[in-house]
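Everything below concerns the one structure shown next.
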Amino acid sequence: MWRIERSITDRVRGAAFALNGSWRMAAPKPRSGRSTSLRDSIDSEKLEGTGSWDALEWTKIEHVTRSVSHANLKFLLEAERVIAEEYGVVLVNIDEAGTLIVTNFRVLFLSEGTRDIIPLGTIPLATIEKFNKIVAKIQSAPRQTDKTPSQRLLQVIGKDMRVIVFGFRPRTKQRRMIYDALVRCTKPARIWDIYAFTSGPSKFSNINPKVRLLNEYFRLLGESSNHASMEMIEKGSFTSFNELWRISNVNYNYTMCQSYPFALIFPKSISDQEVLQASSFRARSRLPVVSWCHPGSGAVLARSSQPLVGLMMNMRSNADEKLVAALCTQLTGGRMIRRKLYIADARPRKNALANGAMGGGSESSSNYFQSEIVFFGIDNIHAMRESLSRLRDYLDTHGATSSDGMSSFLRHGGWTWGGGHLSSMSASVSTLGDSGWLIHVQNVLAGSAWIAARIALESASVLVHCSDGWDRTAQLISLANLLLDPYYRTFTGFQALVEKDWLAFGHPFSDRVGMPSLSGSGDMPFELSRQPSAGSFSSSPVRQSSGSIPAQAPSPSHAQNNYSPIFLQWVDCVSQLLRMYPFAFEFSPTFLVDFLDSVLSGRFGNFLCNSEKERQQCGVSEACGCLWAYLADLRSSEGRSHAHYNFFYDPSKHDGPLLPPAAALAPTVWPQFHLRWACPTEAQDGGVEAQCRKTVQKLSELQKAKEIAEKKAKDSMNAVESLAAELQNEKQISNSARNLAKRASKETAAIKRAVESLGCKVQFASSGDCAVDIESNPTKSPQTYSASRRESDEKSDLFVSVTVVDDVATSNPISRVCEAMCPLRTRDGGCRWPDAGCAQLGSQFVGLKANFEAFDRLSIYDSYFQSD
């Protein structure tokens, strides 16, 4: 934290450039949100009276040291450790203050308030192309003494099109600590010091890519039933063939060509001995090999390096000519005939001729039967590097979020480009064309489309090469494969394509991306020199249109290094094809961005080293994580709704080759990648696919809500049916109880009438008991009889007890009572009630049990109320 003097009530979190190029004070940041930048609140006329950072007594700000436990940084990856950490650093691009952390994997910038990661200020170390120390002088306000200190800035330029600037407090060692940490971590002495080796495979384990390469070869030869294994590779028993082509193990130990894979496809008619002879005629022994063959016509797409024809272009090789001729073999009616051969040289013609001075050059059509030589005019790796640098500078200059902290419309003093002048606007647009990037992309696209058309329309074979056969050749070959074969437009096919034509065939990723190789450190172009201590600050060393310092000429080391965005350019070309054919690709532009970021990050081992041989020597497959497994894990989290899937993909619409006409090959800036840092809103918003994906996601949510509602309705219906069944059962029980109650009432009334007919008084209580008073002998004390009734659910029995209380004992009181009371006793002493419970002798109680079923059988009403 920084504490500011009492006179300053609010914390200043950012700084911006005044429109005249001098440093000015940023407006105080509101407590509830982000700071109000100078460019958003103060016009140019008010800036003249505004004080600089010196007015805030910047030098008197007290730095409060605090330590953050690295264990609490939950966003750190596995094996990621903090190297340097500084607080109160300002990310000038967005006027945000926070904590700047350098780890062994990346540069992290955390917001001071929320401690969240700021994506713009967070970049993997391997993605950094160069970084500079910059000293900017703060211009004092009028009539103030020039005692303000210079501002310490650090500019970081990334390979992913971002230019970011960090500001540090003067008279501290903050910048020095961060700079030294970057120097140590971005230039590891050995390849094993790279984070990919430190972190290990983790959960993104990798199978040996040789197995996948062999499986792809089997597919190309129509032997998809064969499945490669490490045992097959170790034994060298992977050789297979069809009528025209065969898989050879001649380069199994990389003795023939160190940059080629262990297995190669050659014409079946060419022996391994002839292959070894032909390899000596091509640069770096990269002789012609089959990259793809048409399953129907048998036409092939082959690749190689330039032939060593010499300065006079008169050197020949019979083995090479025979091999190339065999690429044009065609089976028709059981006999072999020759098809047309095109030799596509990716270089400009003058460059091919110039290579003759070094022994290289190009083929002569007179030496290769029925062939035609075509030059595509694609520039070399150095032109591509400078072109991307100019494009990045253009985007930083005219973007909405620039490295100097100002938008493009404020840089020129108005709300439109160039101050509203049409000429200035046209000049800024022409700068994009001057970068040459889109022209280079168009050339690669046009060359690939031409190759695909020759194979698809003419059934001709095409041999493609440049100088070494691993840069421009890889671009053309892989794009032509993508156009010809729908399989390569799927996730699995895209992986097979990249592993075959880029990794297996030796594109030097370590040199082109700027990573250490097996032989030592990579030639990484870091700008270590300081800018002049006085003068204004330029966010990019080559920016001139903004009125800053003039462009600096690249240093000799920078001009001669081997870094070049060749693979990035190829992915850009893929995105252009996806834009032209949105239904043909299973993957989306978002997948391409994540894929390219993963390649540039150096987090995984797939794209380390310069060849398959070097990756095998380093044990990359066993020691490092796999990029493909990581991307597959991302997709598995959401299934087909993941952003990596192309929402419009319909394989039935494009089940054959894609052959774009020349008029359609007009590339545009790739917004998802090129504009995401300079113009984040324009890069993400407004995309048709993004809107459709949101709509589909909302529809999916509504569908899930509908399913939940239907399930609840079904459960409710089941509950209602269950309650209805219970209610019906209760009704049945109620009816049964009601019937039983009616029957019991009827029986009670009958008993009551029978007892009352004897002259007794019967009283029924609410509890079910009844009292019977007998007045047959007035001289005696009253005799009391009680009866009780019991009901059950199954049947109802009426029990009547009659208690006789008599002061005078008789010889047989029970008999007298029974004779006096029982209405069913016959004259001869018999009983019409066979189941009656008679009185027990010797007891003073007489129990009379009424069996109402017996009453029903005897027809009590007829027997009782009628005389015998």
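Here the Cβ of each residue, glycine as well, is placed from N, Cα and C on the backbone.
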Seminar exercise, completed: Between the ranges 396-422, 531-557, TrEMBL assigns region 'Disordered' to 531-557
Exercise. Who are the long-range neighbours of the coiled coil (692-730) in its own chain, taking Cβ under 8 Å and residues 6 or more past its ends?
Worked result: 641, 643, 647-648
For this session: Average the per-residue pLDDT over the coiled coil (692-730) and send me the rounded value.
Result: 90
For this session: Between any two of Asn380, Ile381, Cys466, Ser467, Asp468, Gly469, Trp470, Asp471, Arg472, the residues recorded as binding substrate, what is the biggest Cα to Cα distance in Å?
Result: 12
Problem set entry | Other same-chain residues whose Cβ falls within 8 Å of the Cβ centroid of Asn380, Ile381, Cys466, Ser467, Asp468, Gly469, Trp470, Asp471, Arg472, the recorded substrate site, in sequence order | Ala346, Thr473
